[in-house]
Structure formats: structure tokens, C-alpha cells
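In what follows, a structure is listed as C-alpha cells, so that the remarks can point back to it.
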């Protein structure tokens, strides 16, 4: 049985893709063993992220660490997948000639053949083409062990924000046919999955073809998934404010399975910066979406993405972002210092903000966001939360870990039969990034 080591960088889409790589290899070899140490593996895969320079360079650092393993065992297969593979292509082989296969997000289904071709020819294989939806037609049915699962409904992005490399590494937006998505979810539900997380670079741009040739939009998809037997909770990530329509907002009113947690990236509170980023909305338009959502779902927890130190961002513009964060009361969010990506329009902009100032802005924004997260956690003490038990706690092997609808981790004392089940927990303690609870007896 082939032993496979895989390291995943970046977003949930990459996590989904990594699972699919393991699945296609398992189908090819009649099963595989996933190992946690690279020196135990027959196949080593790095599923990469190119959103920030630091993540990209980390890949080449890791490749350097496994080079001695290749020298010791020439039959070892080393592969680079994901967005760095799409962006760098043949350059990866030039920089690290011991790499055997390089493939993009849209060609992961070709991995087994690429390995065979490498072993047959002795030549490194590179396939970073964009065959659109083809990959989904060649992936084996999903097999899961947990109570929650990702389902990719679309790939790519056509927004071309000035700072973002995704359209160049994952291609333009394309949606999976509706029936394909529903079949995958129904299959997962039959395996005991309780929670579905719909995935895409911009899920609210979903336009899936139906059997009759008509198009299903994202709001309609949510309503259909809501009725699939066995599915008790629904999430989605990531969405774009430009296409967060009233019909999607109304789903928060009508669909109780849709969780009270939303990740909706804004990036900046400055209209000038948003325009330079080519985001396609103003801060006021974003706030209008949130007002509508909270009017019909008052308990909604909102997380977001922010970039500080975008080229030309002034202190006043950063203060506008800080004010917006306080006004909206964002939950735990992701704040990044701007990282220029090759080939994007923003990479050509003049950047005169000192790094030390960017770090100060990062810390100031994180301080406000973490304070709000802690406040929300405190308000949950004494409440009873419906939670999905994910497994053994990462903090204490004698405890279990569950997740609330608003995306909080709860550690508690329970029994193994609770894993992958929905249970009620009373929250007893709150920390900055997690909660403690106890089982509510029926």
C-alpha cells in the first residue's frame, strides 16, 4: 500500500483539493496510507497557496527539506500542487529539479497518470492547464469520516481585484452543475455528515446549470440544500459583497439550518482604497448589507478579511478601517499586511509606507477585533448551544471538541459515541479563542 504525505497551505478550497488528491490516489492504488512524517512516504505532496509571498516561499523551504529524502530514495515521488504550481509552472522544476510532478487546482484528477508518466519516461511532468469543470467529472465519490464536510460548488474568480492572484492561478469563475452538487451532498448525508460547508472563491456568483438547461443561482441552491434529509447545518465560504443579493440575505430569514455566522471579506474601510483594490463597492454599501442581515438575524456573527498597508494607504484611511471595524463589531477575523503578488496590477503601485507602520496597523486592528471576539464569548456563558462534536480536543486528549453554529470551538467532557453527533452544550467558561462547556442531559 502506497504511503502518502501531504502538506496543505492556505484556504479551505485547498483542504478540499487535498482530500480529493488522496481520493484519486486511493482509487488508483486500491487504497493508500496517509502518513504524518515525510520520511515515511512513497509520495510527498505540497498543496500550495500563492495569496501571500510568505506562504509561497515556505513551499520552496519545505521542498529543500525533503530533497535529501529524494537523494536517498530516487523512487520517491515529490509533487507540487495548488496555486504556486499554477503560477510558477516549469520554474518549480528549474528551481527544484528533484520535483517529479507539478499540477494546478484544475488538473489534480490527472495526478495518477502524471506519476505513471514520470516513472515511465523519467521526465518531470507539468500540467497547469485550465480544463474547467473536467476535474469534477473524474473525481471518485466523496468518502468522509467526520460529521462535517466541504463541498466545492464552483471554482475560480472573475472579479480581478488589483491585489489578488486567484484569477490567474485558479482561472475564471465556473460553476458545477446543480445535480452534481446535490448528488455529492446526498451521498455525504448518507455517510452520516450533519454539516455541509459550500466552497468557492466567490460562492454567491454560483450559476449552476440544471437538467432542463435553466440556471440555478446561489440563493436557490441554499434553499434546495436546506431540504436534503440528514443535513442539519449549512455554511458557505467565501463570498463577495458585490454579489451578496437580497435573495441571499432572505435565506437568513427563511432557512434555520443556515448558521448564524458569515465570513464576508471587506478588506478596507476606506472608499479610496477599496476603489484602488477594484473591489466594486463602498464601505456604506457593505454596511447596508450587514444592516439588512442583522435586521432579520440579530445574533449573526460576522468575520472578515482585512489588508493593511495597501500601497498609498494613509493614516486617515487606516483610521476609517478601524472605525468601520468598531461600528460593525466584527468577530474573529483575518488581518494581513499587504503582500505584492507578481502579475497583479497592485504590484506596480508605489508603496511608501514603512514596514514598521504596517505592523503597527496590523496589531491595532487585531486588538480591536480580538476584544470584540472576547466580548461575544463572554455573552455565551450560561447559554445552551447546539454543537457538532468534531473529535478529540486539540488541547486535552481526555476532552472532546465541538463547534457551535457561530463557529466557536467548545472543549468538554464527553464519551466517544458523541463524536460526529449534534449535541447540546451549556457554555461554562469563555476564553479568547475557545469555550468550555458541559453536556446538557436530555
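Quick reminder: no glycine exception, Cβ is built from N, Cα and C everywhere.
Copied over from Swiss-Prot, here are the features:
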- 11, 49, 83: [4Fe-4S] cluster 1 binding site (BINDING)
- 157, 161, 164: [4Fe-4S] cluster 2 binding site (BINDING)
- 2-120: domain 'MTTase N-terminal' (DOMAIN)
- 143-375: domain 'Radical SAM core' (DOMAIN)
- 378-441: domain 'TRAM' (DOMAIN)
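DSSP assigns residue 49 ([4Fe-4S] cluster 1 binding site) to coil in the three-state reduction, placing it in neither a helix nor a strand. The sparsest Cβ neighbourhood within 10 Å, among the listed binding-site residues (49, 83), is found at 49. The least crowded of the binding-site residues 11, 164, judged by other CB atoms within 10 A of its own CB, is 11. Each residue in 159, 160, 163, 165, 166, 167, 201 lies on the same chain as 157, 161, 164 and has a C-beta within 8 Å of the C-beta centroid of that [4Fe-4S] cluster 2 site, without being one of the site residues. Less than 8 angstroms from the CB of residue 161 ([4Fe-4S] cluster 2 binding site) sit 267, 277, 278, 279, each of them six or more residues away in the same chain. Under DSSP, residues within the domain 'MTTase N-terminal' (2-120) fall into helix, strand and coil as 70 helix, 24 strand, 25 coil. Averaged over the domain 'Radical SAM core' (143-375), the predicted model reaches a pLDDT of 95. All chains included, 22 other C-beta atoms sit within 10 angstroms of the C-beta of residue 157 ([4Fe-4S] cluster 2 binding site).
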